[in-house]
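Chemist: This structure is in C-alpha cells; I'll ask about it shortly.
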C-alpha cells in the first residue's frame with residue numbers, strides 16, 4: 001500500500017515534514033522550442049520518492065528522477081535524459097517546486113520539454129498553490145553544506161559555502177544599454193515568501209539576434225514576448241517593460257534555484273555566483289555530491305529550529 005501521509009492544509013501551520021500536493025492538477029502550455037502545445041500534469045508522490053518526471057506521450061516510458069547526474073545538455077536550459085528519454089527546460093518548474101518546499105511530486109509531460117508558460121516560475125507556483133499541499137509522515141531532509149566548494153570556467157564561477165540558512169547571491173556582467181549596470185547584482189535570503197514575492201515572476205530573457213538564429217535551426221519556435229524579455233541592439237522590445245529593475249539577474253537566481261534543486265534536497269548554504277549558467281550550476285552540484293565530506297543530510301524537529309522559513313501561504317496571491 002502506498003502511504004502518502006496525513007494531509008493538513010498548509011495555511012493552518014508550518015511543518016518540517018515532507019510535503020507533496022493534495023490533488024492532481026493539469027495545465028497546457030507551449031513548448032519553447034517546438035512551438036507546439038504541451039500537456040503538463042502534477043500528481044502526489046509517496047514519501048522519500050523525490051521529484052520524478054514521466055513522459056505521458058511515450059507508452060511505458062522510464063521515469064526520470066530529478067537528479068543532477070542525469071543532466072546531459074545545458075545549452076540554454078537544463079535537460080534531463082534517462083533510459084533514452086528526455087525532458088528539457090526543467091529549471092523554472094524546479095524553481096517553483098523548491099520555492100514552495102515540495103519534496104515529492106510526479107510530473108507527467110506530453111513532450112520532450114516543459115512548457116515555457118510566461119517565461120518565469122509564477123504560473124507553476126499558481127498551479128501548485130491551486131492543487132494544495134499535503135503534510136506527510138516523514139521528516140523533511142535538508143542537505144547542509146559543511147565545506148566550501150567552488151567551480152570555475154574562464155572568468156565564470158559558482159560556489160556553495162557553509163551557512164545557517166539558504167542565501168543566493170548572483171552577479172551578471174552585460175555591457176548592453178538596456179541592462180543597467182546598477183542592477184546586475186542581486187541577493188535573496190531564501191524563504192517561501194521571498195521566493196514568491198521577489199523571484200518567482202522574473203522572466204527569462206534573450207537577444208533578438210540569437211532568437212532569429214535559433215529559429216533558422218527550428219529552435220525557439222514557441223518563443224515570443226509573451227514568454228520572454230526580448231532585447232535588440234539597444235532596447236527592451238516588450239511594451240510593458242520590466243517587472244523589476246533587476247529582473248535579468250533575478251531570473252538568473254531563479255534558474256540557479258531550479259538547477260540547485262537537482263541536488264535532491266533543500267540546501268542549507270550560501271550560493272555565490274558570477275556569470276554562472278546551467279552548465280556551471282550543474283557542475284557545482286556534481287562536485288559537491290562527489291565527496292561526502294562536503295555535506296551532511298539533516299532534519300529538524302520543528303519549524304523553530306529550522307533556519308529556513310517555509311511560511312504559511314494563506315494571504316499570498318500570485319498572478320500568472
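A Cβ is built for glycine as well, from the same backbone N, Cα and C atoms used for every other residue.
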Chemist: Could you look at 43, 92, 176 and say which one Swiss-Prot places alongside 251, 255 in the Zn(2+) site?
Modeler: 92
Chemist: Tell me whether residue 92 (Zn(2+) binding site) sits in a helix, a strand or coil according to DSSP.
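Modeler: Looking at the DSSP assignment, residue 92 (Zn(2+) binding site) belongs to a helix.
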Chemist: In the same chain, which residues outside the set 92, 251, 255 have their CB within 8 A of the centroid of the CB atoms that define the Zn(2+) site?
Modeler: 91, 95, 119, 120, 121, 202, 203, 204, 252, 253, 254, 258
Chemist: Run through 92, 251, 255 for me and report the binding-site residues whose CA is within 10 Å of the CA of residue 278 (active site, proton donor), in sequence order.
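Modeler: Checking each Cα against residue 278 (active site, proton donor), the hits are 255.
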Chemist: Quick check on the recorded positions: of 92, 251, 278, whose CB has the lowest count of neighbouring CB atoms inside 10 Å?
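Modeler: If we count Cβ atoms within 10 Å for the recorded positions 92, 251, 278, the smallest count is at 278.
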